[in-house]
Amino acid sequence: MSLFDWFADRRKGQYVGNVKQEPEEGDGLWSKCPECGLVVYLKDLRLNASVCAGCGYHHRIDSSERLALIADPESFQPLNEHLAPIDPLGFKDRRAYADRLRESQSATGLNDGVVTGLCRVDGIGMGLAVMDFRFMGGSMGSVVGEKITRLVEECTKRKLPLLIVCASGGARMQEGMLSLMQMAKISGALERHREAELLYLPLLTHPTTGGVTASFAMLGDLILAEPKALIGFAGRRVIEQTLREKLPDNFQTAEYLQDHGFVDTIIPRTQFRSTLASLLRLHGSKSLELTNA
């Protein structure tokens with residue numbers, strides 16, 4: 001038997017399907033900035049609050065990452081975790097609303113699109129709500145509205161300041177009027193919080209649109225935003241078609257809204273925690289143990 005025949009016999013006896021493909025060494029280790037194209041080690045990116053070191057682009061982060069950046073370690077006490085949405089209208093478009101809910105819950109590990117609770121920031125007690133855009137685009141349904149309302153009421157009862165981190169496409173259309181009424185419900189709770197002379201700060205992140213913008217996102221004592229965040233009510237294309245005019249390139253950005261008086265200040269994510277602590281102290285908020293509040 002020649003050497004060529006020996007190799008041919010060896011190939012016949014092999015089953016290609018048994019060959020195991022090794023994963024790429026770099027899978028999940030690197031991130032490319034969509035703004036400047038800089039490739040960064042993912043661990044280093046997260047150490048910089050998911051902000052690009054080259055151009056300052058703010059990558060989107062989930063609710064757990066946001067909580068870790070804002071609250072003192074091990075200080076966050078979640079509220080109303082058990083609340084979960086139902087499908088009151090039996091809504092179905094291309095897919096059933098119930099299926100969309102199950103898919104989002106499985107992908108995020110959350111019951112709905114907001115995490116609420118009490119925490120400390122540099123020792124100062126406060127209420128904190130963080131919307132998560134991964135859950136159906138951060139849309140506001142009845143559970144999102146109820147959790148935020150209960151948090152506002154708890155802060156009013158305990159005399160605590162409040163921060164809501166907004167990231168939403170607006171009201172959840174699959175719940176119809178039940179989602180729209182959350183705008184008024186949250187706004188009413190915030191008015192009672194204001195009457196108690198307590199501080200409310202919304203942080204507008206990318207994107208903050210629709211019914212969220214039209215309600216609690218714009219009701220703060222100071223309206224804060226992240227750099228280059230998309231902030232608006234209707235979409236750019238809808239406005240252009242309605243007005244029949246071309247809009248500026250930076251229209252509906254945080255910088256544009258600040259220039260026109262709708263946003264008070266823009267705070268880079270890497271500086272937000274220290275700035276928030278300063279604002280709380282300026283308002284007269286004091287260090288306290290939340291369990292004794």
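Each Cβ is built from the backbone N, Cα and C atoms, and glycine gets one as well.
For CYS33, CYS36, CYS52, CYS55, the entry in Swiss-Prot reads Zn(2+) binding site. When secondary structure is read from DSSP and collapsed to three states, CYS33 (Zn(2+) binding site) falls in the coil class. Of all the Cβ atoms in the protein chains shown, 18 others lie within 10 Å of the Cβ of CYS33 (Zn(2+) binding site).
Taken from Swiss-Prot, the feature domain 'CoA carboxyltransferase N-terminal' applies to 29-293.
Here Swiss-Prot flags 33-55 as zinc finger. Looking only at the zinc finger (33-55), the predicted model's pLDDT averages out at 95.
For CYS52 (Zn(2+) binding site), the Cβ neighbour count at a 10 Å cut-off comes to 20, with all displayed protein chains included. Around CYS55 (Zn(2+) binding site), the C-beta neighbours below 8 angstroms that are at least 6 residues distant in the chain are CYS33, GLU35, CYS36, LEU38.
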